[in-house]
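Q: The structure's right below; bear with me while I get my questions together.
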Amino acid sequence: MRKFAYCKVVLATSLVWVLLDMFLLLYFSECNKCEEKQERGLPAGDVLELVQKPHEGPGEMGKPVVIPKEDQEKMKEMFKINQFNLMASEMIALNRSLPDVRLEGCKTKVYPDNLPTTSVVIVFHNEAWSTLLRTVHSVINRSPRHMIEEIVLVDDASERDFLKRPLESYVKKLKVPVHVIRMEQRSGLIRARLKGAAVSRGQVITFLDAHCECTAGWLEPLLARIKHDRRTVVCPIIDVISDDTFEYMAGSDMTYGGFNWKLNFRWYPVPQREMDRRKGDRTLPVRTPTMAGGLFSIDRDYFQEIGTYDAGMDIWGGENLEISFRIWQCGGTLEIVTCSHVGHVFRKATPYTFPGGTGQIINKNNRRLAEVWMDEFKNFFYIISPGVTKVDYGDISSRLGLRRKLQCKPFSWYLENIYPDSQIPRHYFSLGEIRNVETNQCLDNMARKENEKVGIFNCHGMGGNQVFSYTANKEIRTDDLCLDVSKLNGPVTMLKCHHLKGNQLWEYDPVKLTLQHVNSNQCLDKATEEDSQVPSIRDCTGSRSQQWLLRNVTLPEIF
């Protein structure tokens, strides 16, 4: 009898599981039908229907989405809306699975239980429903609940209806408090973030862009660094989400933030000195001279103490370098935490328009940061970008007062101690155009890349591509590239500056006006008939075609 009773229990249990499986199968089948009927970009049904999709669906584990050939034209049209593959994004679950891309040593790290709480501030303007909500769900699903104080969504005057009441209704159902704050008029990223920070309540503010995906274990290492030192500002490794396929690709832990001559943020290899400081342990945070600006965490009170953002800046652009300089020069630390990974959709073009034009806004913002933080080195930037000096940059007295109040260090200290491998040469003999006496043409990098030939073109006096520096190391430099000659008669190419002299060593004679390549013993010459857009290098003759005028060659060295 006992055996028979036992069998009945087993059969009954099995029947329950079979019925449950059938119910779930029917449930998700109906859910998928609902999604097929819903308006593009808008959810249908309740939260469970929206979020739960089988994990073998499109884009799961970060795999690329393939659009069928018959939908390619529609895909291209939809792409224009947000400048990423909106069709692919809408095919992917809002809580899609992602690979764990952390270093193995990161996966076993143990963090304190009493980490500070954070408010996650996300600014959006006409963002796609799928990318915005995927950002929100990734924060909720991959963060310890007790560490998330709230999520603050700041709407920078979006015009799309589904980002109004439907969004507010949706986020009310989530298990984490989500507040939607509306800007009364288009204000830009900087002021919208300031609004979000002002209403936040967490001990830490974490800023994210509206098209991100957080991965497993992303938050704890960020908060742990701030708990260790509240003056530490931390960024995750920014992984790449393809704007074409939404494939998730791990970012490198061997790059950090810098900037070029035009004050554009750039990624550069982590230098050996930083590897030595960490004793080769790649799981330790990297001290970075600058941050990309889209994703970072900062102690809420410290954010106020160091002056938040410069509210005199407009929309977007330059604010990331401004806050980076300020953090370092005023006693803080800026790190990339290599055990934290957050994906970001990198677009090739922006879908947004800016009042007054993008260039005018960025010039104003860069002028403000240069005037407040770069001391005498601002003149280097102005020679590169003379148009910046023509913009009205507003009143900076409060920012200069902040610098005095915080007793911040000079920019020369920053270059020497934080960013000694900066592309700005600290010692140089000339900066500006290099003009050929005979042809009246100037050297021009033509916006070409490494390993390409340097160009020569009519002088335009607008800086930019025609600015070269003859450095104290006797290099002819354009940003991080130096003129290099590896064989007799050229060509003259642009290679990464290595500071080892050799093929990048040039001797300028201020009397003869010649630029002699020391290794080949030949002189820089005008272009030839065979190639009229590149300078040549030939045996030195002293002819006018080998004479060059270096702009500002009498400038004293900057120390």
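Quick reminder: no glycine exception, Cβ is built from N, Cα and C everywhere.
Here the structure is a predicted model, which means the values were calculated and not measured.
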Q: For the substrate site that Swiss-Prot gives with Arg186, Trp316, Arg347, Tyr352, which of Asp156, Asp161, Asp209, Asp375 also belongs there?
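A: Among Asp156, Asp161, Asp209, Asp375, only Asp156 appears alongside Arg186, Trp316, Arg347, Tyr352 as substrate-binding in Swiss-Prot.
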Q: Which of the listed positions, Asn141, Asn552, does Swiss-Prot note as N-linked glycosylation site?
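A: Record annotation (Swiss-Prot, N-linked glycosylation site): Asn552.
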Q: Asp209, His211 bind Mn(2+) according to Swiss-Prot; which of His341, His344, His427 goes with them?
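A: Of the residues offered, the record points to His344.
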Q: Determine which residues of this chain, when Asp209, His211, His344 are set aside, have a Cβ within 8 Å of the centroid of the Mn(2+) site's Cβ atoms, and list them as they appear in the sequence.
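A: Filtered neighbour residues, in order: Thr131, Thr135, Leu208, Ala210, Cys212, Ile241, Gly294, Leu295, Gly343, Val345, Phe346.
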Q: Going by DSSP, how much of the region 'Catalytic subdomain A' (115-225) is helix, how much is strand and how much is coil, in residues?
A: 44 helix, 28 strand, 39 coil
Q: Under a three-state reading of DSSP, tell me whether Cys106 (disulfide bond) is helix, strand or coil.
A: helix
Q: Run through the Cβ atoms and count how many others sit within 10 Å of the one on Cys330 (disulfide bond).
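A: Step by step: centre on the Cβ of Cys330 (disulfide bond), count other Cβ atoms within 10 Å, giving 19.
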Q: Rounded to the nearest Å, what's the C-alpha distance separating Cys540 (disulfide bond) and Cys442 (disulfide bond)? Just drop the number here, would you?
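A: Per the Cα atoms, Cys540 (disulfide bond) and Cys442 (disulfide bond) stand 19 Å apart.
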Q: Rank the binding-site residues His211, Arg347 by the number of other Cβ atoms within 10 Å of each Cβ, and give the residue at the low end.
A: Arg347
